[in-house]
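In what follows, a single structure is set out as structure tokens and then discussed.
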Amino acid sequence: MIKKASLLTACSVTAFSAWAQDTSPDTLVVTANRFEQPRSTVLAPTTVVTRQDIDRWQSTSVNDVLRRLPGVDITQNGGSGQLSSIFIRGTNASHVLVLIDGVRLNLAGVSGSADLSQFPIALVQRVEYIRGPRSAVYGSDAIGGVVNIITTRDHPGTEISAGWGSNSYQNYDVSTQQQLGDKTRVTLLGDYAHTHGYDVVAYGNTGTQAQPDNDGFLSKTLYGALEHNFTDVWSGFVRGYGYDNRTNYDAYYSPGLPLVDTRKLYSQSWDAGLRYNGELIKSQLITSYSHSKDYNYDPHYGRYDSSATLDEMKQYTVQWANNIIIGHGNIGAGVDWQKQSTAPGTAYVEDGYDQRNTGIYLTGLQQVGDFTFEGAGRSDDNSQFGRHGTWQTSAGWEFIEGYRFIASYGTSYKAPNLGQLYGTYGNPNLNPEKSKQWEGAFEGLTAGVNWRISGYRNDVSDLIDYDDHTLKYYNEGKARIKGVEATANFDTGPLTHTVSYDYVDARNAITDTPLLRRAKQQVKYQLDWQLYDFDWGITYQYLGTRYDKDYSSYPYQTVKMGGVSLWDLAVAYPVTSHLTVRGKIANLFDKDYETVYGYQTAGREYTLSGSYTF
């Protein structure tokens, strides 16, 4: 199941150590401060999802994994592969930092926000998810939270899997990890996924001409990694992956003109690293390169026709991070450099552009008696907007054994994307969007229930909005977000329960109107149990009311979208010690709902899959 953060500190063993759902030692996370540390020493709310969780849920997309997590609200323009957005604690989709193995997702650099509908679920071995500001560690984008997708496998062997389902869904996957001698490990993976999909547009809502077709999705993925331990403290790795996706979608149709309704995405990433893992000092140097080519075109004319568009971006990064144990805690420091380059025509920008950013940061964690203190500061020097600084601090007080109060404050920012700076309506004088956040939380273990309740406020200024009168982007928006988050997990006999509740009041601070596409309330519940070797799982999610715009006519009207309750049922059975079969019914009661106005969801879906390991 999802493993919620316990309160075990790195330097003392208290009653909190009983909170960890997995076995001791406490689960290690790397995302909070770039180095492995017990999850319980991170004062920000942190959730870890393992590959075992993903297999148990039988998720076929990254979005299906993330939608189950506290504070996450997913919207999507239809089914698999269709454009999606991630809202964390009511912030914008562009206020979520998505990392792949600790490196910023390349695709987010063009549009300003990450669309994880395109990222292959086959690559995901682990997800570390931190809520709240983290710009003081990572720089731009980390306003609402950080999602770190980790591709490294943690178990040797070979697995072959296949799956089939509704809308002609099919998936085939082969992966292997082999040990070469005592010090070298090789991992290889290949994956193929395809669905015919369904017609995503709900006609009459969008005003577009009917396009009665199936909006399908095809993805092909390759992955390889080589890891080597030179000595007991020195190690290195080389890793690469790529995917080739095709998505069909519904677009606005103009008679006599090409209908651009197909997306073709090529993406490849390569990284290499060297690590020193001493008893007191740790250091790592990581370099990476990624290249994406994103075509949108009419398949009757091809992706090289004048009607087609191409967004092409290359990203280069270098990260040097260091950590030293001092007293009852540690101090970390590092520098990272990033260069993003676009080809001419990307994001409708006539010329190609380079943007460089160099950041230096300092982090610290220290325990003093019943108190735990955490802090970080960072300075970024950007080739476009100059220097920008952020900082954050948190304190935890174990006022009674097994119970803790946490208070935190942090600043964060979001840099303008390349389209906002240099596009047809761009403004090269834009400043970063800025955020100030406060949070207070209580957490504890009561009668076997591991719980946390927190309240937060986030004031965002200098939001980049489009001005209809001047036809330019300006820093003129403000947002005020207030929220309450409650999480709990507990066991009752053979049943394991995980539940969360989110209340988010996200508003335009100038007009006092709700921000679009955010559900005001969400309830999420996961029930797992084993009966006669069958592993059962029930997932419940309530999505509250939200608002969106009807873009079928101008001026655009605000529409209210009602809430919905969704149920999933999953079951798995180990036929042998090597062969496991699984089945799932998503949207069990076939509820009709939308998360983006005018775009249909799939309705009830069935999947059947099997995996063989050796």
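For all residues, glycine too, the Cβ spot is worked out from N, Cα and C.
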*Considering the Ca(2+) 1 binding residues Gln211, Asp213, Asp215, Asp250 given in Swiss-Prot, which of Asp199, Asp232 is annotated for that site as well?*
Asp199
_Looking at 27-44, 81-98, 279-296, which stretch does Swiss-Prot describe as transmembrane segment?_
279-296
_Among ranges 434-443, 574-583, whichever one Swiss-Prot labels transmembrane segment_ = 434-443
*Within 10 Å of each Cβ, count the other Cβ atoms and name the one among the binding-site residues Asn92, Ser111, Gln211, Thr309 with the highest count.*
Asn92
*About how far apart, in whole Å, are the alpha carbons (Cα) of Asp213 (Ca(2+) 1 binding site) and Tyr249 (Ca(2+) 2 binding site)?*
9
*Taking each of the binding-site residues Asp213, Asp261 in turn and counting other Cβ atoms within 10 Å of its Cβ, which one has the fewest?*
Asp213
_Suppose the Ca(2+) 1 site is Asp199, Gln211, Asp213, Asp215, Asp250. Which further residues of the same chain have a Cβ inside 8 angstroms of that site's Cβ centroid?_
Val200, Val201, Pro212, Asn214, Asn248, Tyr249, Asp261
*Sequence-remote contacts (6 or more beyond its ends) of the transmembrane segment (494-509), Cβ cut-off under 8 Å?*
1-2, 4, 69-71, 73, 89-91, 459, 477-488, 515, 518-531
*Starting from the Cβ centroid of Asp213, Asp215, Tyr249, Asp250, Asp261, which together make up the recorded Ca(2+) 2 site, report each further residue of the same chain whose Cβ lies within 8 Å of that point, ordered by sequence.*
Asp199, Val200, Val201, Gln211, Asn248, Ala251, Thr262
*Close approaches to the motif 'TonB C-terminal box' (597-614) from elsewhere in its chain (Cβ under 8 angstroms; 6 or more beyond its ends)*: 55, 58, 60, 76-79, 82, 157-167, 169, 171, 198-202, 205-206, 548-552, 559, 561, 578-591
